[in-house]
Amino acid sequence: MSAVTPRPTVHPEYDLEAEHLSQTIAAMLRQIEFWEDRDRNAGADLETSVTMADTSEEHAAMLSVHVHQPYFGSLKVRVGGREQTLYIGKHAFLDTRGGHGVVSWESEVGSLFYSDVLGWTPRRGGQGIIKRRRQLDVAHKHLLRVTDLYDDEQGGDTGGREEVLLRRLEEQSTAGMRDVVETLQPEQNEAMRWPAGTPVIIQGAAGSGKTTIGFHRLAWMTNRDRGIHMARPEACMVLMPNKVLAAYAARILPELELQGVSVTTPESWITGLLGLEKLEVTDRTLTLLLTDHDNTRRALAWRKAKLLGDARMLDVVRTHLWNKFNHALHGQSLSEQVEVRGREAQTFALAESDLATLLRDVFAADPLDGYRTGFKRALEAEALSRLNVPEAEEASVLRQLAAPFTTLLGRIFASTTPVTETRRLLSDAGALGASGLLTDKEIKLLLADPLSGIPTPRRAHADVTELPLMLAVQAFTGGIGRQDGRTLEPFDHVVLDEAQDYSPLLYALLGRATRTGHITALGDLNQGMHGYKGPSSWEAVQEQLTGAKVLTLSRTFRSTRQITALGAQIASTYNRAADVRGVDRDGAEVQRYSGQPDELPLLAQAVKDAQAAGHQNIAIVTRRAADAERLSAELREHDTDAQPIITQEHRYKGGLVILPVNLAKGLEFSAAIVAGCNEETYDHSTEYERRLLYVAASRALHWLALVSAGELHGLVR
Ligand SMILES: Nc1ncnc2c1ncn2[C@@H]1O[C@H](COP(=O)(O)OP(=O)(O)OP(=O)(O)O)[C@@H](O)[C@H]1O
């Protein structure tokens, strides 16, 4: 464990601050009592009283969570010659009776606590000057410590920000992602508050806080101060690479008051929209890249996967559907008798040419809820207008036309399901060429099948490289967005984690599913494991998200100096930008266990040593799920009970676990043990394998062990 921190000297203003804290707590409790007092919430009538009481109770419940820690910092400012101290907390509190209010961290003034600026222009005008920034560690209603971060009377920067950060980073890991509201760093603060309505791509090395900052940006977006850009939590979505990580990350939501956000994976979201939750999603390109030694075939598979995710495919799909629906219109017409009260029976008739015009208009309008619904709306509007139906009769007329309209819609749209239509398109040279967007060479590439040697599952399945195309068909025909009852709405805001693994086509579709400017993408092009699925550069993403800004987080926070250095050693073999700036935090040396015939006693010993060093959340990371399953059983013989996490349905609940590296990505533990840390397990000559070794070796906050029965991997020996 890290060196013992020296006992802090008591700050000269500790007593003053302790007094302020107890008065703030008293003021909050008074307010809560006031809200909870039903007699005071009596309105003019019963209904008003009930509404008032409900709202008050809600306020009381929201505030009571924060009484044990009303704030974590303060700002002394001078505005127009007047000095004032503002206390910054996770929840705003307006003290109507005294000077014990709290400003929310999400507010504009709250931002000044995190940044390095020394002056600002308050909304009311004039000039504001920052005199002091002060961290106040409070827990269980008790003031633990006062640390000045900046104080113009002490000559400016005190180095306190780094001190507070280091203390926080030395804490043990937990079973979920944590908020960093108290120690947001200036660069992170800026990324988090990049103007609402602008899409951002946050690029940062492993452990730079991308995922954490993405959630904080979402919380900031849901604050009322965002005005027209405010997002409702229940109308937001976060996409994470796997379900284990999604559940781990979702634990941050209550702390950030983000109840109702949907945190899922792209595959679950897409198959859910297609109504095919049971569809098995394969990644056969990856299997081929890892198992096939034929370089020509590998290159072909890579190029084909890239092309399937090319943004031009959106218009290839659109043109294909346009031709298909127009073809289906041939010979179709409509002629129906309609009764309108008080009139003679009328005929509503549409010739094939009328239908074609309507279809053209629908394609031009490109409705969010899809062409089928759009065409139905167009038919209904045409009927009401041609028959000149009075408003009171509209419902009756539409009821009479419902059945013939459904039949007609069926004839035009019914045979188009996303899965079959995508496969039909991908096997038809003519259809692929119809848009004129693809070259002959590209069409040939799409028709080739480099994956034919890779087995497919028996169950209904789709490959991850086909999914965006299927989603495109769905978007055009059935619509795309957030299901709200029976209607589709755009998401208020969407956050994407591991954004380097999303194809440009998927970006184009997500852009369609979300309010303009409301995508936050978090990623690291250097950590890409699946280049064949992702964009070649952030520019390719910017082309899909108009006005998107790329922001870079340059500092990493997760691990000790020793662990960060080991990771950099592995990453330097494939990544020219491996030279990242870490927080210089000292910790234990990396432990190495090797040179015995059997790995099991070595693993058991490593677990014991990690526990003896004071760690509880410990992970043994294996290369494959099958290794984790086997070792978990065998380790019991060695008195070591490691909970296996081997499928996406398992959840990480803390303690000692054993899991494969693909499910460990994004998770972090106080201590990590890399099992099978040798070249038979992680092939030295394969870049993908070295990247996996990096992921495994970068999961620990404080303590890392490398274990191999034989010799350790050359990169870490
Ligand atoms: N400002 C901060 N104060 C304290 N801890 C921080 C801060 N920023 C990041 N961290 C911590 O650093 C660790 C890494 O954060 P996070 O997982 O969000 O990084 P990431 O960039 O998404 O990493 P990866 O690319 O590996 O998924 C977490 O433990 C997080 O709490």
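Don't overthink the numbers, they just go from 1 along the chain as shown.
The backbone N, Cα and C atoms fix where each Cβ goes, and this holds for glycine too.
TrEMBL entries are annotated by machine, without manual review.
Neighbour list (Ala206 (ATP binding site), Cβ cut-off 8 Å, at least 6 residues apart, same chain): Asp524, Gln527, Thr556, Arg558, Gly567, Tyr694, Ser698. The DSSP secondary structure for Ala206 (ATP binding site) is coil. Among the features that TrEMBL reports, ATP binding site is placed at Gly204, Ala205, Ala206, Gly207, Ser208, Gly209, Lys210, Thr211.
Summed and averaged per residue, pLDDT over the domain 'UvrD-like helicase ATP-binding' (183-560) gives 94. The annotation domain 'UvrD-like helicase ATP-binding' is assigned in TrEMBL to 183-560.
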### Summary
Cβ density check for Ala205 (ATP binding site), other Cβ within 10 Å (all protein chains) comes to 27
### Protein Cβ atoms within 10 Å of Gly207 (ATP binding site), excluding its own
24
### Summary
Same chain, |i - j| six or more, Cβ under 8 Å of Ser208 (ATP binding site); the result in sequence order is Leu553, Ser554, Arg555, Thr556, Phe557, Val580
### Message
Please list, in sequence order, every residue of the chain apart from Gly204, Ala205, Ala206, Gly207, Ser208, Gly209, Lys210, Thr211 whose Cβ lies within 8 Å of the Cβ centroid of the ATP site.
### Response
Asp524, Leu553, Thr556, Phe557, Arg558
### Message
Can you go through the binding-site residues Gly204, Ala205, Thr211 and pick out those with a C-beta less than 6 angstroms from ligand 1?
### Response
Gly204, Thr211
